Amino acid sequence: MYQERRALSIAIFFNILIWASVTLSRTYIDVLFLSTYDTALLPGFFTAQTLLILSLSIAITPFAAKGSSWLNISIFMAMALLVLLGHYLLTAYPALRSEASWFPFIFTLWLSAIPVLLIVLSLNVIADAFDVRRFKRLVIWINVVGNIGGLLTGLLIPKLINNYGASTLLVLLVSFIALATLCLFFLKPLPVATRNYSKGQSPFNYPLFRYIALCTFLLMVVDILTDYALKVELAAMFTDKEDIGSFMGPFYGLSNILMLAAQIIGTQRLLHVFGVAGLLSVIPWFCMGSSVLLMAIPHLWTAALIRMGETVFRFSFYSIGREIALKPLPAKIRRGGKFLNTAAGYLGAGITAIILWIMGDSLNLVMVGGLIITASIVWLIVARRVTASYQDTLEEAIRIKRFSLSSDEIDTGHVVPGDDSNRDNMLHITKIAFKDKDVDIIRFGFTLLARTQATCLPEEAYPHVNAADYDVRVDFVQAAYQLKDQRVVPLLLARLEVEEDGKVLWWLLKILAHLAPEEVASIAPRWLNSPLPLARAGAVLVLLSNGTLNDLTRAVNTLQVMLSSPDEAMRRGAAYAISASKVGNLEAELEKLLHDPVEAVSIAAMWAVADKKYLHLLPVLAEKLGKGRSSLYASRTLVQLGVPALPHVLKVIEDGSQIAARTGVRILTMIHDEKADEAIVQVAKNGNVITRTFLAKACSMRTKQQENTDYLVKQARLSVQEEANTVRLLRALNCAEELPVHSRYEISQRKKMAEARLLYWFDVATCSVELSGVIPSLLQDNTSQAIASRHATALEFLEGQTKDKLLLKAILVFEENTQKISREDIEAAILAVPTLNDLWLEKFIGIEHGWQYHKGKNMEITEKVMLLRRVKLFADLPGEILLTIAETCEDRELVKDEVLFSKGDAPDGMYIVAAGEVQIRQDKEVINTLKQYDFFGELGLFDDSPRMADAIASGDGMILFLQKEVFDGITEDLPEVLRALVKTVISYLK
């Protein structure tokens, strides 16, 4: 906090000096030039000015991109010394102005570059000292105070010139630049990641920078035109140096007053309502209106009005908007881009100067007004593109840590409905794939064909009905089935006569039952006694659908034999036949198959339940959730059955294990119906913390695939607010020093989960973007300035996704300061724990001590959890996941010299020392001694290699044992456990 205040104080003082210097240099330029030369030389001056600034920008850009403080100091010192030299020559040799007429021109030209260099370098220095969020908040006030410095300087200029002469302005200018140079020693940039950025190292590779550069180009076009209009009228009105200085000093002073007012009153409001692009659009709107007035009343005061407005809005709204927009760019890109942006601006100035030179004496204020209006219209068009580019750049800044590809990639596999050109292109690619000899390419062709909305198989695919690879033959038959292509029936019948693979036969008989029922019914009986179960199933299907009475009897008998066969493949074939059959009520037979001890048979029966829509079997399917491989297929079937499955799924979520509850949550989010959304809201309110967190994540992922209902969006919005309150409560609770350390650690884990839920529900409420890059940035503890900078960028990105005040207020919880939590807040949080609907946390907070070993006494489940919490491997896992692990761990008593395993034994699981000590020995030599909370044997969970050492108990004690097969079941639905173990193994390798 102290460092931030110190940096802010220095930045404010630094900016005051910069704006005072800018005001002094601009005033002296007008005084010296207009009192020495005719206004006809103005276009030449503007052109020379452009060439000088372009040259300086190009020369400085490569060095400025490095962000070197010493480079900035060197440039500031060079500016001060050159101004001092010019002042000395003008005062020591007064005749120089008349004898060397080129010298005032050259010196004025140099002075015109100073404001540009000062502003660009100072903005770089200040921007580097703060992260994107703090910069967005503070830049307005830093600029406000700087404008006050410029204002006071401008108001003092007339008196300084009258009392001490115009040369006094140069003395003050040198002094202010020197003081600003001292400030550079104390303004330190934040650390940034040294990575390769996905869009390359050139600023022009970033669309945001290109649009900003184009806006700056148009800004300088308008700037030169307004400056020309004012100076022409000023020279016509005044000829004396003091009169010009007396007019321009207050002019710049009043400009600073208006800048100050604009920044205080309008900047935040415009930024909130119209965003960054709104700030960039103020000048063109103003210039369009005031140019009409200039064309109607061509006079000094209307020229002064448009020039003052352009100056005020340029250094208030536009300057702040540009800096906020460029802040998310990589630091190296942003620093170098500032000078390139300036170069783009002065390129516009140079082109405008050439136009003014060409038009010469024929140019008048009416024509100038017309040119300004034209440039302003183009500017408005460009500014509209900035908003989307700004959001894209924020997302890119967040993704830097993940090294992922940019979001500009195009999914070439997607065909827009009704887009004939895309469909024709994909069909062409499909035909090329079918002509290839590579099996994978041919199969890719069939996959692509399904996306083309074709109505028939292309002739190029016909040869693959007889392909040597049976997968290709299956793909051909399935494609014909999906397209219902009657043209391929002769090919299918011919293949049926020679086919020997059971799966291909099944698909051939299945499709021919639809496309050629009479032909296939006459030949199907030959497969009723086939040794291939799927061939039998296909024959049963054909005959049940299209056979004679005798055929029906034979088919039913065959199906009964298959159902009761000891061969699991035959029972699975029976499930296939029932699945595709459209006749009879076979619910009882399917229920029997669902309870089959062979998992493959049970899974085949699940497909049949989905096809037959047997709702009475829903409880049987629900029982299989969370139980091995069959859980996946049971969940798919429940999704297909839709709304009727919801009560059974909810019951599993409420009563089942954590693994089953997660599977149930996935099912809820995959059923696309408002009733499912109501069930989601019910779980979000009543589920345990782990389930609610997983639900929020699943809903966020679903948002990317389908549009949310208004009901779910409304509930997500309320959930964001509720989770923000939960984060505040847990943050206060974590400051309660009377709670034991392990309890506060559990609270910290709970707080991170609440923050994650907040972000996931925010994603659902805004339907914005995938948050996989944002969440790590916001959940990471701010242990360094670099992390804090990423944190701020992520928040800025989120803020740009919505205008909803409730959501914007909720995400500010990530910026709240824990140091402001009072004792009253902590006591209120402790009392409010029951409102969190977190029974586990309530119980956990009440546990004061860990488990103590007593011989002959087994461990209770809570004691196991407490012990696991102290094991490094599981330290970062939430309580509910520890509970799941504790439920599956076996506690075993140890006696002295007991051998747990020997070298060469097959790995059976992982061990955790609950009490006592265990020695790891190789060739009778002790290589490690493990004490309470240590673990060993974890590599055996991944590898079947034999044990490499002996494990022997040093004395009496107890261990927890996690069996390998049980661990596999846990990690299938709790990947957090697997990640924790992998992280530990990697630490060994390091």
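Cβ atoms are placed via backbone N, Cα and C, with glycine included.
In the predicted model, residues of the domain 'Cyclic nucleotide-binding' (873-988) average a pLDDT of 82. For 873-988, the entry in TrEMBL reads domain 'Cyclic nucleotide-binding'.
Taken from TrEMBL, the feature transmembrane segment covers 7-29 (among others).
Annotation source TrEMBL lists transmembrane segment at 41-63 (among others).
Taking Cβ pairs closer than 8 Å, the transmembrane segment (70-90) reaches residues 60, 63-64, 96-97, 103, 107, 110-111, 114, 117-118, 121, 124-125, 167, 170-171, 173-174, 177-178, 180-181, 184-185 in its own chain, all 6 or more past its ends. Residues or ranges marked as transmembrane segment in TrEMBL: 70-90 (among others).
Among the features that TrEMBL reports, transmembrane segment is placed at 102-126 (among others).
Summarising the annotation, TrEMBL assigns transmembrane segment to 138-158 (among others). Beyond its flanks by at least six residues, the transmembrane segment (138-158) meets 8, 11-12, 15-20, 22-24, 27, 126-127, 130, 169, 172, 245-246, 248-257, 259-260, 263-264, 267-268, 315-316, 319-320, 323-324 of its own chain at Cβ-Cβ distances under 8 Å.
Residues or ranges marked as transmembrane segment by TrEMBL: 164-187 (among others). Long-range Cβ contacts of the transmembrane segment (164-187) within its own chain (Cβ-Cβ under 8 Å, at least 6 residues beyond either end) map to 6-7, 10-11, 13-14, 17-18, 20-21, 24-25, 27-28, 31-32, 69, 72-73, 76-77, 79-80, 83-84, 86-87, 90-91, 114, 118, 122, 125-126, 128-129, 153, 157, 241-242, 245.
What TrEMBL lists as transmembrane segment is 208-226 (among others).
For 246-266 (among others), the entry in TrEMBL reads transmembrane segment.
Using a Cβ-Cβ cut-off under 8 Å and counting only residues 6 or more beyond its ends in the same chain, the transmembrane segment (273-294) has close neighbours at 212, 215, 218-219, 222, 226, 229, 267, 302-303, 305-306, 309-310, 313-314, 317-318, 320-322, 324-325, 365-366, 368-370, 372-373, 375-377, 379-380, 383-384, 386-387, 390, 800. TrEMBL lists 273-294 (among others) with the feature transmembrane segment.
If you look up TrEMBL, you'll see 339-359 (among others) marked as transmembrane segment.
Per TrEMBL, transmembrane segment is recorded for 365-382 (among others).
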Is the transmembrane segment (365-382) in contact with the transmembrane segment (208-226), using at least 3 Cβ pairs under 8 Å (sequence separation of 6 or more) as the test?
yes
- the transmembrane segment (7-29) and the transmembrane segment (246-266): do they have three or more Cβ pairs under 8 Å, with pairs 6 or more apart in sequence? yes
DSSP tally for the domain 'Cyclic nucleotide-binding' (873-988), helix/strand/coil in that order, comes to 40 helix, 39 strand, 37 coil
